[in-house]
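According to TrEMBL:
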| type | residues | note |
| --- | --- | --- |
| TRANSMEM | 39-57 | transmembrane segment |
| BINDING | G45, A47, V48, N52, S275, N307, L372, D375, S376 | Na(+) binding site |
| TRANSMEM | 69-90 | transmembrane segment |
| TRANSMEM | 111-138 | transmembrane segment |
| TRANSMEM | 192-211 | transmembrane segment |
| TRANSMEM | 223-244 | transmembrane segment |
| TRANSMEM | 264-289 | transmembrane segment |
| TRANSMEM | 301-327 | transmembrane segment |
| TRANSMEM | 347-372 | transmembrane segment |
| TRANSMEM | 404-422 | transmembrane segment |
| TRANSMEM | 442-459 | transmembrane segment |
| TRANSMEM | 480-498 | transmembrane segment |
| TRANSMEM | 518-537 | transmembrane segment |
Amino acid sequence: LAENNNNIYNNYNNNPVAVVTGPGPGYQERETWTRQMDFMMSCVGFAVGLGNVWRFPYLCYKNGGGVFLIPYLLIVVVGGIPIFFLEIALGQFMKAGSINVWNIAPLFKGLGYASMVIVFFCNTYYIMVLAWGFYYLIKSFNSPLPWSTCDNEWNTNNMTCAEMANARSPIIEFWENKVLNISSGLDETGEFNWELTLCLMAVWVMVYFCVWKGVKSTGKIVYFTATFPYVVLIILLVRGVTLPGAYDGIMFYIKPDWSKLEEVWIDAGTQIFFSYAIGLGALTALGSYNRFNNDCYKDAFVLAMINSGTSFFAGFVVFSILGFMAAEQGVDISQVAESGPGLAFIAYPKAVSLMPVAPLWAALFFFMLLLLGLDSQFVGVEGFVTGILDVFPGKQNFRYRREISVAICCLLCFIIDLSMVTQGGMYVFQLFDYYSASGMTLLWQAFWECIVVAWVYGADRFMDDVARMIGYRPFPWMKWCWSFITPCVCMGIFLFHLVNYKPLTYNNVYVYPWWGEVIGWCLALSSMLCIPVTLLYKLFRAKGTFKEVSSRSLTQKQNQTFEKLFTWLVNEKFLND
């Protein structure tokens, strides 16, 4: 295969007059980014999301402050950057979405189906955070803030704020009684929250109009959605460091606790794979819209530094404000430190309610939260739609194919989301969050991506392909990581999660019923089983012995694919040059 690819490449070098101006046989003209910065901004918007702001700072504090950076940076080098680069480079080379990109090893095309399942689930439940954030943003324009008073219909009857302070705070009551109107358990669905349903609908409409015209429009929108959160973070940091108690909060965040160095590795590895958006297929889709000779190797390092740098910077913003809140209440910072929705919808609303001009700071924070999640959401939808459209080219090439596909995707996700705007919706949300796109499914996906590229297709062969694209061969470290180090890291963390599995709970009080856990494991296995099931299906469907089937699937079909594909790609390279 490598020899055939070289022959094609050399034939075009020796006979440039033979280059044609259309795409290769069987391939449609593929849309590309208007500017390379569009791709960079889209990757920043997708990978830099809520996890950088509400998960990394908490993990850093929980795992010994500055000590956490040691395993974190090490796993960035041996796991995060190699797979991040692999997914972008694979998409750029194959010019395909997350399914067709695995034509390099047809027996393992289940990797593409698995990534589509994961990103679909992620698109479905992740947008609920945006709906909650949008709801809080609307409520932030009230003065006083509705979660700072105690005489509302959702508050405990006949209790003042002073009395509630000894029981449940008005912030928690607003979150659980007003926003969620939460029921007693998963088996009690309850009524729809119509205000939240309208917020959900509004956010899905925003996502649709960000994606419906493809990367030409998406690449322009992300200039705002990916950069403006940094402006808000800087404003909040300036405000935060001027508050009393901010210094103590920041020192609490970064002060090293060397006694925890042995305990932090699993959290560091999980955070890397979560925040780098690895295994979802969206990075592959974004890379597929690059020019063939784009330097994706350099892009991967730049994007990784932006991602990790944003996480670390956000920690200063969060803990300067948490330090102020602890000082105001006269408690230790450990008692106010939160992660996930607890930080966004309980801890931070409580902090801004203590500030002068509270509605302004609340609106700024929730607007930033909305933008951080919005670009991650619509790029995730773009990745899913790209994979679907690549599977059905040609015959379905009518005028509004993309617009209709995006509409169907958004509508289907919205229908599923209706289960999360009921009184039992938070329990459904946690099922999706804990199982469908969790650390285990992403680690499983990343493990097989490395194995297939390094040992089935061939690490050296892929390094040659990358060299043809970018003009030079990447440092051999990438090949070593794909072949040995990264799969071992992924499988090690995966097995640790499996051995130390704990049943899902809500607020450490409500334990999910057995049938709820069964639903959760079905969500997880629906993506994880795609790989072995597709492999076995292709083997049993083919004729001949196992050795003959494997040989045909891994060589002849690859050869046919690349004779067409590489002709097109080299053609594009000459046209661009």
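Glycine is treated like the rest: Cβ placed from N, Cα and C.
Since the structure is predicted, the reported quantities are computational estimates derived from the model, not experimental observations.
Mapped onto this structure are the features recorded in TrEMBL.
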{"residue": "G45", "record": "Na(+) binding site", "CB count, 10 Å": "27"}
{"residue": "V48", "record": "Na(+) binding site", "CB count, 10 Å": "27"}
{"residue": "S275", "record": "Na(+) binding site", "CB count, 10 Å": "22"}
{"residue": "L372", "record": "Na(+) binding site", "CB count, 10 Å": "29"}
{"residue": "S376", "record": "Na(+) binding site", "CB count, 10 Å": "28"}
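Note on the transmembrane segment (264-289): residues 30-33, 39, 42-43, 46-49, 51-52, 55-56, 59, 62-64, 67-68, 70-72, 74-76, 79-80, 83-84, 87-92, 94-99, 101, 112, 115-116, 118-119, 122, 215, 296, 304, 307, 311, 376, 379-380, 382-384, 386-387, 437, 439, 441-443, 445-446, 449, 489-490, 493, 496-497 of its chain, located 6 or more positions outside it, place their CB under 8 angstroms from a CB of the stretch. Residues 50, 97-102, 179, 195-196, 199-200, 202-204, 207, 279-282, 284, 341, 344-345, 349, 362-363, 366-367, 369-370, 373-374, 376-377, 380-381, 383-384, 387-388, 409, 413, 416-417, 420-421, 425, 429, 432-433, 436-437, 441-442, 445, 448-449, 452, 523, 526-528, 530-531, 534 of the same chain, all 6+ positions outside the transmembrane segment (111-138), place their C-beta atoms under 8 angstroms from a C-beta of that stretch. Outside the transmembrane segment (39-57), and at least 6 residues removed from its termini, the chain residues within Cβ reach (under 8 Å) are 33, 88, 129, 215, 218-219, 222-223, 225-227, 229, 233, 253, 271, 274-277, 282-283, 286-287, 289-290, 294, 299, 302-303, 306-307, 310-312, 314-315, 317-319, 339-341, 343-344, 369, 372-373, 375-376, 379-380. Under 8 Å from some Cβ of the transmembrane segment (69-90) lie the Cβ atoms of residues 43, 60, 101, 104, 261, 264-265, 268-269, 271-273, 276, 278-279, 281, 283-284, 286-287, 290, 296-297, 299-301, 303-304, 308, 312, 446, 449-450, 453, 462, 465-466, 469, 474, 477-478, 481-482, 485-486, 489-490, all in the same chain and six or more residues away from its ends. With respect to Cβ pairs under 8 Å, the transmembrane segment (404-422) is most closely packed against 192-211, considering the stretches 192-211, 442-459, 518-537. Take the mean position of the Cβ atoms of G45, A47, V48, N52, S275, N307, L372, D375, S376, the recorded Na(+) site; other residues of that chain with a Cβ within 8 Å of it are V44, F46, G49, L50, G51, A226, A277, T310. In this chain, the transmembrane segment (442-459) lies out of contact with the transmembrane segment (223-244); the count of Cβ pairs under 8 Å, excluding pairs fewer than 6 apart in sequence, is fewer than 3. The list of residues near the transmembrane segment (301-327) in space but at least 6 beyond its ends in sequence, with Cβ under 8 angstroms from a Cβ of it, reads 40, 43-44, 47-48, 52-54, 56-57, 60-61, 69, 72-73, 76, 80-81, 84, 230, 233, 236-237, 240-241, 243-250, 252-254, 275-276, 333, 335-337, 343, 347-348, 350-351, 354.
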